[in-house]
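> I have a structure I would like to understand better, so I am pasting it below and will then ask my questions one at a time.
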Amino acid sequence: MGSLSSSDYSKKPHAVCIPYPAQGHINPMLKLAKLLHYKGFHITFVNTEFNHKRLLKSRGSDSLKGLHSFQFKTIPDGLPPSDVDATQDIPSLCESTTTHCLVPFKQLLQKLNDTSSSEVPPVSCVVSDAVMSFTISAAQELDIPEVLFWTPSACGVLGYMHYAQLIDKGLTPLKDASYFSNGFLDQVLDWIPGMEGIRLRDLPTFLRTTNPDEYMIKFILQETERSKKASAIVLNTFQELESEVIDSLSTLLPPIYPIGPLQILQNQVDDESLKVLGSNLWKEEPECLEWLDTKDPNSVVYVNFGSITVMTNDQLIEFAWGLANSKQNFLWIIRPDLISGESSILGEEFVEETKERGLIASWCHQEQVINHPAIGGFLTHNGWNSTIESISSGVPMICWPFFAEQQTNCRFCCNKWGIGMEINSDVKRDEVESLVKELMVGEKGKEMKKKALEWKNIAEVTTTKPDGSSYSNLEKLIKVLKSKPSH
């Protein structure tokens, strides 16, 4: 620890960081934890036992040893044991964490605070994923601040915050299955401040149910209500990108600190020891970057549908031939569990047709890939991490949202920010081909690239300049984490 004596060390602030146990939530929480560590906090990072095992498998047995001042701990997720190397079922996971995780989390805090056996400073704050809000009662018992990190976009969170009103207005649950396709979802909602022109179909998709007892709706109502009890709310976005939405959210929630894009903030952390701490649950394939090194600038479409999206083999084949027929270079990440219930088979004809210009891999280091000069566009599911990383890199998008608030992100990318084109959910190869060509060599693609670079520039200013909004919000957040909560 360098020059810190043990008595000085025990006075360090100690943040316990606990992400929701899915890839897209672990990544941003680890970035935030590294930033806090860099700012002088001792960190305890809490994974579930299931994901801890997956990380050891993907990153090697030494990968979670951590540092003296950055430790990894685990709690059970309450689900039956499984060795499957795939994303867990989201509704089951939400129900299980809500029901089973509070007791082991409290026991962990107790152990960390046990002066007879613990060699770490007492826990002084909790930074929890907003959908792990059971942690609030543990923080209240210890009388320490609890900050909730909503990992979606601000526009996605604003959608969730209006679920109660959607129910009150009879807009969800849907009356019957015909409402999925009869135009009902196309109605414009003019009563959500900060979301002008938003349609029902653009809001997070859990409302698209005919089941009056839909668990995910109950879960969202519970989590959005509990968010009001936090000391503060953190978002991985920036004021300039979502100003109207953030202003609207500020009337509904405790103080909000947009501190994104986190990856640009984290790039300023000059600490080699932290760089070895990674969070990819699948093994990264370094040959992706080697292959990109052989390609011209802005000549490759990066294709990745994230860690949760699944598709049918027919959809996979339509995407494949759309990419092949576009004659553009592509790097396509196909997770082992991307095709629901079966393995993906693309066939020799496709491989032969694209061997000079296509590379398929099972996972990669996305930030390095998307920042590579060869990448000219991104075919994405519009998960928020992918979207904000694309914005930070100045890369325009083709959007194929799958679920949750990905629809909302797609709407804002295409209609508000000018950096995306949506592809029909019922994907056809001709549309894939024409959109990929437009993205890479068309006029609209050029306009979107220009706009994406403008957003990249704003994102860099807001995170790197002392008067930038995200830079100063991080400083304000640290003050909250070091303060005593006001009840």
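Residue 1 is the first one shown; counting continues down the chain.
Note that Cβ sites are derived from N, Cα and C of the backbone, with glycine treated the same way.
Sharing the record's features from Swiss-Prot:
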ACT_SITE  His25  active site, proton acceptor
BINDING   His25, Ala404  anthocyanidin binding site
ACT_SITE  Asp129  active site, charge relay
BINDING   Thr151, Gln366, His381, Trp384, Asn385, Ser386, Glu389, Glu405, Gln406  UDP-alpha-D-glucose binding site
> Between the Cα atoms of His25 (active site, proton acceptor) and Thr151 (UDP-alpha-D-glucose binding site), what distance do you get, rounded to the nearest Å?
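Distance (Cα to Cα, whole Å): 6 Å.
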> Greatest CA-CA distance (Å) over the residues Thr151, Gln366, His381, Trp384, Asn385, Ser386, Glu389, Glu405, Gln406 that the record ties to UDP-alpha-D-glucose?
20
> Taking just the CA atoms, what is the gap between Thr151 (UDP-alpha-D-glucose binding site) and Asp129 (active site, charge relay) in Å?
7
> Using a 10 Å cut-off on CB atoms, tell me which of the binding-site residues Thr151, Asn385 is the least crowded.
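With the binding-site residues Thr151, Asn385, fewest surrounding Cβ atoms within 10 Å: Asn385.
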> For Thr151 (UDP-alpha-D-glucose binding site), which of the three DSSP-derived states applies: helix, strand, or coil?
coil
> On a C-alpha basis, identify the one among Asp129, His381, Asn385, Glu389 that is nearest to Ala404 (anthocyanidin binding site); the candidates are the recorded positions.
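Nearest in space to Ala404 (anthocyanidin binding site), counting only the recorded positions, is His381.
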> What is the total of other Cβ atoms whose distance to the Cβ of Glu389 (UDP-alpha-D-glucose binding site) is within 10 Å?
23
> Determine the most Cβ-crowded residue among the recorded positions His25, His381, Ala404, Gln406, using a 10 Å radius around each Cβ and all protein chains in the structure.
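Of His25, His381, Ala404, Gln406, the one with the most crowded Cβ is Gln406.
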> Rounded to the nearest angstrom, how far is the Cα of Asp129 (active site, charge relay) from the Cα of Asn385 (UDP-alpha-D-glucose binding site)?
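About 14 Å separate the Cα atoms of these two residues.
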> What's the number of neighbouring CB atoms sitting within 10 A of the CB on the residue listed as 'active site, charge relay'?
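23, counting other Cβ atoms within 10 Å of the residue listed as 'active site, charge relay'.
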> Between His381 (UDP-alpha-D-glucose binding site) and the residue listed as 'active site, charge relay', what C-alpha distance do you get in Å?
22
